[in-house]
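Notes for the one structure printed next.
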């Protein structure tokens with residue numbers, strides 16, 4: 001490649017990524033030269049500033065037409081932009097949680113790493129959102145995954161943290177292998193790794209029966225492999241153990257940023273590749289994605305049932321939220337399955353709503369867990385007596401997770417239903433499972449409420465809330481209620497700037 | 001004069017009361033109770049003003065308000081109404097009466113709340129939120145808004161039962177939550193199917209679109225689907241009403257919830273079921289609804305007889321009243337099943353009449369419980385010696401309930417049966433047994449209480465205090481007013497009834 005050609009690329013569209021990369025590098029150097037005894041919190045704040053700067057620079061590109069550089073491996077289309085906002089805002093909140101996280105179990109030694117590994121993981125996720133090529137996509141995925149492996153095990157002296165890191169590595173390795181196996185079939189059939197070329201080749205190929213079988217194998221392998229990132233069935237088993245053992249900010253990261261990245265990648269691959277392959281030899285046949293959507297639907301249904309039913313039996317609140325997050329991934333898969341006019345809207349909005357309600361919930365879990373020294377649900381007994389405002393805040397977030405009107409979670413579910421019912425034939429079974437399991441989820445969500453409001457408190461000690469955590473709490477509650485009462489804030493932003501993601505396949 | 005702000009003010013005024021309450025310290029019992037009571041007054045005055053506005057011959061449409069609210073799917077540029085949910089409130093004769101009934105009973109229940117013993121602040125804040133939900137349900141002009149208000153009633157009820165109820169309060173609260181959660185779930189499916197397939201959720205527009213085969217829709221609604229949707233509506237509102245065998249939750253609520261809340265629950269919340277069936281079932285699916293006449297009449301007779309027979313063997317006065325509610329809701333179903341003007345009018349009359357009567361009886365229950373700590377029939381025996389006035393009103397309330405001419409219960413039962421005898425004389429004849437049973441169980445219970453053998457001395461207990469006179473007199477006056485001058489109800493209902501009969505083609 002000529003140097004001139006290299007300089008010709010419009011590198012500026014990568015500004016947000018460059019900022020994150022730069023800040024991560026800066027933090028690692030600072031960490032190296034700072035005296036051991038110095039408090040590393042300042043590094044966290046620099047990281048927060050970096051993410052904020054990246055968000056602002058991303059906002060500057062909102063009106064930018066679709067641009068791709070590096071031979072179409074990195075593209076900035078409206079899909080990438082919209083989801084990068086979620087990734088950035090999510091990471092911002094998570095990093096604030098990390099700043100206020102108590103540094104124990106050997107974490108103090110690695111406090112610097114603790115902050116900048118979040119940034120490298122975020123960088124990976126952002127690359128996934130922008131990738132136009134399977135190689136870039138895979139590198140982004142690995143950057144995210146490996147950073148999170150380290151983060152899960154970062155509290156070195158904590159047995160559970162070690163156990164969960166081990167489980168996460170093994171499960172992650174297997175799932176990555178399966179994903180790659182699936183992707184290799186598509187590569188083999190098309191001879192390219194560029195997503196746009198792939199869909200072009202597959203569309204014109206016509207396809208003999210054998211090729212279609214191979215593609216179907218690729219479809220299932222990729223789907224199953226990627227379900228690891230989403231924590232959906234059949235690769236959900238790691239979630240409860242890892243969520244329980246990991247430090248709370250990392251748990252929040254896995255359930256928000258990592259999950260969002262998972263949906264980004266799954267939409268990218270499936271809509272662009274399998275959305276353009278005719279399912280049978282005939283040119284006017286249904287795309288393979290629609291033809292096989294019942295299988296995705298089956299996984300979605302299984303995920304919702306598994307998540308919500310097993311959550312009923314959990315006493316540890318982090319495990320409970322692990323199953324709850326499995327269930328929520330199932331809800332979003334319903335939107336993906338229905339592939340209607342509303343699908344992109346629904347996925348984007350739900351992920352945004354989920355970001356707010358979940359990060360706030362984890363903030364409270366972190367606070368109460370640190371105070372009580374345990375994540376057992378009984379630690380919440382009498383919270384209303386001890387800290388009424390905190391209890392009401394948690395109640396609002398829980399109501400949103402349960403999908404009660406007036407909160408973001410409800411509007412998110414409405415949007416998913418709309419997609420499921422607006423297609424012909426409509427997805428009645430799937431939507432009914434969604435709503436029935438939501439009612440099941442009332443049991444465990446209101447179980448927390450029962451503890452907070454009905455049970456007497458074990459002790460009367462008050463909480464003092466660190467500034468960073470307070471910012472997260474206020475941000476998440478305001479976000480949850482604002483999106484619940486005035487959801488048009490988000491919808492207008494989405495519709496005015498991203499035009500239904502029409503440029504997705506351009 | 002622009003009156004479109006009136007309804008918004010009417011529905012949301014209690015929120016202002018909540019805000020004021022939030023700033024009063026929890027120890028100020030008297031102030032809290034006073035503010036809680038005062039916060040219900042403006043709503044009452046406004047709904048009376050609306051009623052007199054109507055009586056003066058002016059149109060209720062003056063009060064309609066519509067504001068653009070949520071735009072799903074980004075169709076905004078093409079058609080502002082397509083897939084939009086507006087904030088639209090409005091009244092017709094029926095809903096105006098329900099709003100008036102709600103505000104009256106809410107104010108009286110606030111008076112009855114003087115008997116609440118703890119945590120007044122939380123109690124009144126939830127109480128007012130519940131009132132907002134109930135008012136909104138009746139004033140909402142579209143299905144999504146209706147559902148939002150419908151669900152808003154769920155959360156405060158859960159806490160009001162679970163925290164301020166009697167011995168098995170938490171179980172009752174969960175039972176309430178899950179049954180009603182499932183009911184709402186089914187309702188939400190119906191609403192979303194209609195919304196997703198037609199692109200509108202406005203009740204009047206839907207009624208036109210669904211019954212006009214030439215209308216453009218996003219996706220078709222077949223006749224079978226209409227039946228399915230109507231049946232789902234019947235289940236959803238059948239839980240609320242409740243229709244046998246979906247009634248077990250409401251027995252628990254009647255017994256375990258504090259009586260002031262049962263006044264609202266039995267007086268208003270159960271009526272939402274009837275309101276929904278009439279407004280949506282008959283309004284949107286008249287063709288299909290017509291075919292359900294026999295089913296509804298039979299369900300009504302079952303409710304009537306089942307409730308009456310079981311009420312006869314109860315030992316707890318609250319249980320008697322709970323089964324009596326089931327029995328009386330049977331009359332609503334009987335009226336609806338008749339499908340003629342007299343029947344439907346009887347059903348609506350019964351909704352209002354039973355709302356007033358059960359509020360009165362439960363207020364007296366709270367008066368008795370306050371003084372004697374019991375609601376068991378045998379322990380209350382002979383209370384007329386200690387509290388002659390309260391016992392007198394109890395007897396009068398029971399007379400109204402069993403349908404003594406000159407009181408509201410008579411008018412509604414008479415009309416409902418008149419309607420049914422015209423259409424299905426045999427079913428009506430069986431149902432008439434229930435009327436006799438009503439007299440039997442009510443007289444057994446009430447005579448047992450007032451003049452029965454006394455097991456304990458009722459000396460030293462005070463009769464009705466000044467403040468307790470207010471609800472008793474108001475409710476009694478309204479019951480008699482409707483009994484002797486039914487036009488106060490039938491006049492406003494006329495246009496609603498005409499519209500319904502037109503839809504039913506009769």
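Placement of Cβ uses the backbone N, Cα and C atoms for every residue, glycine included.
TrEMBL entries are annotated by machine, without manual review.
What TrEMBL records for this protein:
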type	residues	note
DOMAIN	A:131-432	domain 'NADH:quinone oxidoreductase/Mrp antiporter transmembrane'
TRANSMEM	A:12-30	transmembrane segment
TRANSMEM	A:82-101	transmembrane segment
TRANSMEM	A:113-129	transmembrane segment
TRANSMEM	A:135-156	transmembrane segment
TRANSMEM	A:168-188	transmembrane segment
TRANSMEM	A:212-231	transmembrane segment
TRANSMEM	A:252-275	transmembrane segment
TRANSMEM	A:295-313	transmembrane segment
TRANSMEM	A:320-341	transmembrane segment
TRANSMEM	A:347-368	transmembrane segment
TRANSMEM	A:389-411	transmembrane segment
TRANSMEM	A:426-446	transmembrane segment
The answer for the transmembrane segment (A:347-368), taking Cβ pairs under 8 Å and residues 6+ beyond its ends, is 82-83, 86, 89-90, 93-94, 97, 100-101, 248-249, 251-252, 255-256, 259-260, 263, 267, 317-318, 321, 325, 328, 331-332, 335-336, 375, 379-380, 383, 390, 393-394, 397-398, 400-401, 407-409, 411-413, 415-416, 463, 465, 469, 472-473, 475-477, 479-480, 483, 487, 490-491, 494
Cβ pairs under 8 Å with the transmembrane segment (A:12-30): which stretch of A:113-129, A:320-341, A:389-411, A:426-446 has the most?
-> A:113-129
The transmembrane segment (A:252-275) and the transmembrane segment (A:113-129): do they have three or more Cβ pairs under 8 Å, with pairs 6 or more apart in sequence?
-> yes
Thinking of Cβ pairs under 8 Å, which stretch from A:82-101, A:168-188, A:295-313, A:320-341, A:389-411 has the most of them with the transmembrane segment (A:426-446)?
-> A:295-313
Honestly, do the transmembrane segment (A:82-101) and the transmembrane segment (A:168-188) touch, with at least three Cβ pairs under 8 Å and pairs 6 or more apart in sequence?
-> no
Under a criterion of three or more Cβ pairs within a distance under 8 Å and sequence separation of at least 6, are the transmembrane segment (A:135-156) and the transmembrane segment (A:252-275) in contact?
-> yes
So which residues does the transmembrane segment (A:252-275) touch in its own chain, when a touch means Cβ under 8 Å and the partner is 6 or more beyond its ends?
-> 79, 83, 86-87, 90-91, 93-94, 97, 118, 121-122, 124-125, 128-129, 131, 137, 140-141, 144, 148, 151-152, 183, 186, 195-196, 198-199, 202, 215, 219, 222-223, 226, 228-231, 239, 242-243, 246, 287-289, 292, 321-322, 325, 329, 332, 336, 344, 347, 351, 354-355, 358-359, 362-363, 504-505
Non-local residues, at least 6 beyond the ends, that sit with Cβ under 8 Å of the transmembrane segment (A:168-188) = 134, 138, 141-142, 145, 148-149, 152-153, 198, 214-215, 217-229, 235, 237-238, 242, 269, 273
